Amino acid sequence: MATVSSYFLGKVKSVKKIASLLFVGLLMVLLVACGGKQNESLSVVKTPLTRSESLLHTVVQLSIYHENQEEAMDEAVSYIKEMESLLSTNLEGADVYRINQAAGKEAVKVDERTFEVIETAIDMSKESQGLFDISIGAVSNLWKIGDEDARKPSDEEIKAALPFINYKDITLDKEKKTVFIKEGMTLELGAISKGYIADKVRELFASKGITTAIINLGGNVVVMGDSPTTQNGWNVGVQDPDQVRGATVGSVPGTHDSVVTSGIYERYLEVDGVKYHHILDPKTGYPVENDISGVTVFSKTSIQGDALSTTLFLLGVEKGLDFINQIDSVEAVFIDKEQGVHLSDGLKESFELTNEEYHLVNE
C-alpha cells in the first residue's frame with residue numbers, strides 16, 4: 001500500500017479513509033467560464049484583460065477579470081521572466097545553471113526564491129520516497145526529449161548515470177542560501193518550477209486586489225474567484241488524451257484553486273517506431289511504463305499539484321488512487337490506456353463523463 005508522509009499531509013487538516021500518473025496523451029485542462037456569485041464590492045468584468053507569452057518552454061496565458069490592471073499584468077509577466085532566468089538549466093548565469101556547473105567543486109549562493117524552490121522540492125522528494133526527484137537531470141540530459149538533439153542513450157550510459165540521481169546528495173545551507181551537489185549530479189526543476197511560479201503570480205495578483213483571474217502556465221492552471229458569466233462556478237474540462245486540444249473526456253466543477261495536468265504526448269522521442277516519452281523513472285533512467293494514459297490533479301496549490309502529478313504517474317493507477325485518497329483537499333482523475341476513467345473518492349459525485357468512447361471504472 002502506498003503511504004503518504006508529512007509534507008503532503010502537512011498541507012491539509014485530516015487524513016481520509018483509504019479507498020481501493022504521465023501519459024500517452026497530455027491531459028489538458030480547459031477552463032470553461034460558468035460563473036458564480038461575485039464580491040459586490042469589486043468591479044468584475046466579463047471580458048478579461050489577457051496576455052499570452054512564450055515562456056517556461058510553453059505558452060503562458062494570464063487573464064484578469066478587472067479593468068485597468070495593465071500594471072499588474074506587466075508585473076506578473078516580468079516576474080515569470082525573472083524566475084525563468086533564475087531556474088533555467090541552459091541560461092548561463094542562471095542559478096540552476098551555476099549549481100550544475102559547480103557540481104562537486106563548490107557551494108553556490110543563490111537567490112532566496114531559487115533556494116525556496118529547491119528546498120521545497122527536496123521536501124517533496126522525501127515524502128514521495130524518491131519518486132519525485134529533482135536530480136533526475138543526470139539521465140534527462142542523456143535523453144534530451146523535447147529538444148532537437150534528443151536521442152535514445154545506450155543502456156551503459158543510463159546505468160552509469162543512475163548513481164547520480166539522489167536528492168539526498170543535495171546539500172543546502174539555509175543561512176548562507178547556498179546549494180551544493182556532488183560531482184556528476186544535475187538538477188532539473190522543470191517538474192516543479194511552473195507550480196511555484198503559478199502560486200506566486202496568484203499571490204502577486206491578490207496583493208493588487210485582484211480577485212478574479214486565470215493563470216495558465218501550460219499544464220498548470222490556477223483560478224481565482226468565480227467566473228463572471230453564469231451561476232455555476234468554473235468548470236474544468238479534462239482533455240481527451242487521444243484527440244486534439246479541446247476534445248474532452250469529462251468535466252469537474254472548479255472547486256479547487258489549482259489544476260495540474262501531466263502527460264507524454266507532446267514531448268516524446270520516436271526511435272524505430274517506438275515512442276519514448278519524457279517522464280523518466282529515477283530508479284531505472286527510462287520512461288515510465290505503466291497503465292496510465294493521463295492524470296489531472298486538483299489541489300489548493302500548484303506546486304503541490306506538480307509534485308503529486310509526477311508521483312502519481314510513477315505509482316500507476318491503483319497505487320496512485322490509494323495514495324491520493326489519503327490526502328484531504330486533493331483529488332485526481334486518471335485515464336488508463338484502455339480508455340477507462342478512474343476517480344479519486346472526492347470526485348465520484350461531481351465528475352461528469354461526456355465522451356462515450358470512455359467509461360468510468362470506479363464510479
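Numbering starts at 1 and runs along the chain as it is shown here.
Just so it is clear, glycine is given a Cβ too, placed from its N, Cα and C backbone atoms.
Annotations in TrEMBL come from automatic prediction, not curation.
What TrEMBL lists as Mg(2+) binding site is Ala191, Asp306, Thr310. DSSP classifies Ala191 (Mg(2+) binding site) as helix under the three-state reduction.
Its Cβ placed at the centre, Ala191 (Mg(2+) binding site) has 21 other Cβ atoms within 10 Å.
The least crowded of the binding-site residues Asp306, Thr310, judged by other CB atoms within 10 A of its own CB, is Thr310. Under the three-state DSSP scheme, Asp306 (Mg(2+) binding site) falls in the helix class.
The Cβ centroid of Ala191, Asp306, Thr310 marks the Mg(2+) site; residues of that chain outside this set whose Cβ lies within 8 Å of it are Phe132, Gly190, Ile192, Gly195, Ser262, Ala307, Leu308, Ser309, Thr311, given in sequence order.
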